[in-house]
Each structure stands twice: as structure tokens, then as C-alpha cells.
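**Student:** TrEMBL lists these features:
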DOMAIN    5-184  domain 'Thymidylate kinase-like'
BINDING   7, 8, 9, 10, 11, 12, 13, 14  ATP binding site
Ligand SMILES: Nc1ncnc2c1ncn2[C@@H]1O[C@H](COP(=O)(O)OP(=O)(O)O)[C@@H](O)[C@H]1O
Ligand SMILES: Cc1cn([C@H]2C[C@H](O)[C@@H](COP(=O)(O)OP(=O)(O)O)O2)c(=O)[nH]c1=O
């Protein structure tokens, strides 16, 4: 079963991802961008204010393809629970926002279309919901994506994704104190795993 954690920068994904490791010691915990050389290329692009948005989409997507073949698919084939801190929805939400002013007419559809041919959709996604101002303040504006004005558009895209597939997402109010957020996520994951075991 593949469960992903999504949300704006600073929404608390890494905090809950770390807490879940104590609860599911046998699960495979992974993340995007990855620590491969593809991930290094992504980080290099992220620090370039003038990076071409389409080129950046393909770097993130290359990292995803490598992540899938090297980590995610083999773990799922073994029957492991896989929990990923960011996954394909991050591309749909962030790169579609970056490409809003490009020549692409429907960036969100375009980015989803690229993935449709090869990706493996998550079974469930925990969405840590936080307003862009709180997200930007918590994240500390360490890269070009962590600005409230940009994160507002990213959040709108996440809402579109949730509207399109409401059953896949579990929305958690991430403005609550960390221990409450962790508890809500742990309860949701426990339920998802239980339901997954029954099917
Ligand atoms: N629920 C929360 N309330 C307040 N601060 C939080 C909460 N969750 C995380 N933080 C803090 O916000 C910052 C970003 O958290 P992190 O888990 O790294 O988020 P993300 O991985 O989504 O960027 C960290 O300093 C963390 O301690
Ligand atoms: C995986 C992914 C991340 N990102 C962005 C979101 C983050 O600003 C940045 C790094 O991701 P990450 O290290 O998860 O940052 P954070 O912990 O602050 O959420 O990369 C994309 O724009 N597209 C993607 O597909």
C-alpha cells in the first residue's frame, strides 16, 4: 500500500513522517525530491531563480521516475507499506502553479497527463492543510517556492486535486499543535492500513 503525505512547505509533513517511523518500523519511508543525483539536480534548479519552469518540471519528473523504479515499485512488489513525504501531487500542485503563465493552456492537466503514462498513483494521501502565510512563515523562505503568494496558487491546485478525487485524500488541519496533528495522522494511517488489509 502506498500512502503519501502532501501539503505546502512548512505544513508539517516531515514532522509526521518522522513520527510515523516509530509506529511502522517495518514500512518503507521515502521522500521526493530524493537523495539520488536526480534529486541533486532538482535542488540545484530550486536555487536558480531563473530556472525554466518546464525544464524544472522534467527534472522533478525524472527524479520521480527513478524513485518509482528504484524504491517504490520494488517495495510494493514485496507487499511493504510505503509512506512517501511528497509524491506526484507535489508536481501537480507546484509545477502547475509555476507554469500558470506559460504557453500551456491547462498546466494542471498537462502535468497530470505526463504522469498518467508511467506513474503509480497513491492508494491514499494525507493532506496537511495550512494557510499559505503560516506555511511560508514556518518554512522560513529558504527556497523560491516558499513565498505566500506562490503557495496560495499551489494550495488552489491541491484543492482542485482533492475535488477531483475526494476519496483518495484525508484532510488534516495542520494549524493545530504538532502533537495533535501527529495524532490525527496516526489515526488516519491506522484506519487506511486496516481498510487496506481487508481488501
Ligand atoms: N503543527 C505545527 N505547529 C507549529 N509548528 C509546526 C507544526 N508542525 C511542524 N512545525 C514546525 O514547522 C517547521 C516545518 O515543519 P516540517 O515538518 O519540516 O514541515 P514540512 O516538511 O511540511 O516542510 C518546523 O520548524 C517544525 O518544527
Ligand atoms: C517533490 C516536489 C517538491 N517541490 C518543492 C516543494 C518544496 O518547496 C521543495 C522541497 O521539497 P521538500 O524538501 O519536501 O520541502 P518542505 O519540507 O519544505 O516541504 O520542492 C516541487 O515544487 N515539486 C515537486 O514535485
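Backbone N, Cα and C define each Cβ position, glycine as well.
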**Student:** Could you check what DSSP calls residue 7 (ATP binding site) once collapsed to helix, strand or coil?
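**Tutor:** The residue in question, residue 7 (ATP binding site), is strand (DSSP, three-state).
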**Student:** Check the binding-site residues 8, 9, 11, 14 for any whose Cβ is under 6 angstroms from an atom of ligand 2, and report them in sequence order.
**Tutor:** 9, 14
**Student:** Which residues, sitting 6 or more apart from residue 10 (ATP binding site) on the same chain, put a CB under 8 Å from its CB?
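**Tutor:** Listed in sequence order, they are 130, 134, 135, 136, 137, 138, 139, 140, 146.
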**Student:** Need the DSSP three-state call for residue 13 (ATP binding site) to compare against my parser.
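**Tutor:** In the DSSP reduction, residue 13 (ATP binding site) maps to helix.
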**Student:** Are there any residues at least 6 positions away along the chain from residue 14 (ATP binding site) with a Cβ closer than 8 Å to its Cβ? List them or say none.
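**Tutor:** 85 - these are the non-local Cβ neighbours of residue 14 (ATP binding site), listed in sequence order.
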